[in-house]
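For 1-18, the entry in TrEMBL reads compositional bias 'Low complexity'. Annotated region 'Disordered' per TrEMBL: 1-33, 824-849, in sequence order. Taken from TrEMBL, the feature domain 'C2' covers 21-139, 150-290. Annotation comment: TrEMBL describes 357-551 as domain 'Ras-GAP'. Residues or ranges marked as domain 'PH' by TrEMBL: 605-706.
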């Protein structure tokens, strides 16, 4: 499920695998034992078009796009300058660690001096996400209205009382108890100062009351009661029963508006709910949670067609991960795939055949097979199948097949540290330098010199090239093993072509690995921020040159295939023999069978870095601790924070000293997205920028420290302030924790794989593709009976080399899926029946009657 990201996350890090353990397990009886509900989001932001121009002479805009869970930003694209049709083309993938109502995409106009302008948005309800899954869609931008930007829920109780006044008349009274709110948005990055107004509205009345302001919290506890007179009768007798007249009941409603107190400026609207008094017609009391709604007049100020549109691809998943033993049969069948003859009859290959989007199958398959050391033989087998259909050696492994996609995904997962130790230092130098490398005369800025720029670009390309060809010792062993297999197969397939063995490797390591990372360093966590426009252009030129130098066909023939004359002229500078020799030597080294020592054993593995806020460890001069922005860096050996990226560490926590990593309750410091790193000295309190980022940091810190011998079994979910723990009120700072520590999910530190999660994802994919699986089964039967080529269009799309073996595998898959269906259905029924409508888990949306 979806990254992320750092946003975050998230962001869409190709290197970052799925973050697990984010949702608390559903516990109870045997049916729901240890079930984890995990959500993820994957997709791509392509482009926007037809954006409104500025009214002045400069009509262009500097645009970027954000992804928001309700009102919380969790991902941001690069800024595309001077365009009314900005092309972003950014993939994202991250876990969703909390409930949400809307997934929104905002298009912004960057403003240096003032607040960025929101041009428009695409808001999709959670329940509607499935309608857009896997589809590339143009969404019309909707206007952004402060009255429509809401999130959170309200806990409310209503009662009807009858009172006898001193003169004997009966006063019928409505009691409104505002108990609490949950999940209110951040305002300017900080928890809000909320208050509520409570109004009784009818044809001829509008009585309003107001709660107190709660400071710096997104989950305020109001617990305030308000009284409204509903009806007044002229007389009262003991025999009469209290009844509100039906016509009055239908006309009255309670409206609760949530506001953020802004003191000197206008208060910010946070949402409203409307509850008709008629809910008390058959009951004297009503208590429920309600989702906050936008105002009725929200979004009516603009025509939606005028704002432009945004092209997106989305894939939202929600998986119910059962206890591990439920997946034993499925995992056993999948792990046999590399040994099945032919491999096209294996369960893993069949999954890739029947999925609507093969990429959906690749991610969980690669992780599961990698976790059990079965990936190399599987990729070798499916690559050999690819080679059977390859007639021209120059096109070897250039398509998007199951083999190439699996190898791409494997390199992203295991190659993250390799990229950091190889490319990060030189990319830092390029991004932090202001040297121009533009060699196209048409794109030159005023005052630039083409020859100087060529020298700059040549210097950078040489440095990147030398770094790459000298990095073979750091190449992960699993990559080397697969490259060796590719060379052997390519030589066997084209025995008269001496260069094909190298082309088979360069197709991946240069074209699909290094060149892509150079072009998008932020995506691979090689840079903390998006590069500026000039740097992006420099990286593009370097990436193109590295692709050409790594294109063995072009290099071996000593000529460039570049279609642009400018690049063609520049590439002539790299026709020396040494480039050919260095590439050949590098390819020989990374595709040899010699065992390489894992780079993680000789130097620390870089796991994560980013900007967050930490609470001061010591006291300030005025005696109060504050929060400071710091740059955090985690390796397999230590957690450090710095004033700025690249500066010396201010504080270091050895990983072996971490005792626990847990979430921190918001009430501790009235701040959201906080967690605590409990270690042998002072506990470190940290605030992340959003829920996705907090979730990722907690997960990676838990994984890297999960084998520590002195890990705690319990912790305090709140802070120790003013001489006592806020959670349990104990006074001793060293008092044992009052809550059990979160159980970690078994995972490898460098390759984070939750095999049960991957098995559940594969089960879901088989379930969604049952119709196509059935057609493949029918195709096997037809082939077995008629023993001839298949004319049926649906059948010809499948690769069936051995119909009997494939048929048997499909039968096994169907049997396993049927057995897994039963516990899933049991859990769904139990979950839907246990979450009462109006509960905190299942709040009421809109009015009820």
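Using N, Cα and C of the backbone, Cβ positions are placed for all residues, glycine too.
Just so you know, TrEMBL annotations never went through curation; they're auto-generated.
Residue counts for the domain 'PH' (605-706) under DSSP, split into helix (H, G, I), strand (E, B) and coil, are 21 helix, 46 strand, 35 coil. In the predicted model, the domain 'C2' (21-139) has a mean pLDDT of 85. According to DSSP, the region 'Disordered' (824-849) comprises 11 helix, 1 strand, 14 coil. With DSSP states grouped into helix (H, G, I), strand (E, B) and coil, the domain 'C2' (21-139) comes out at 10 helix, 66 strand, 43 coil.
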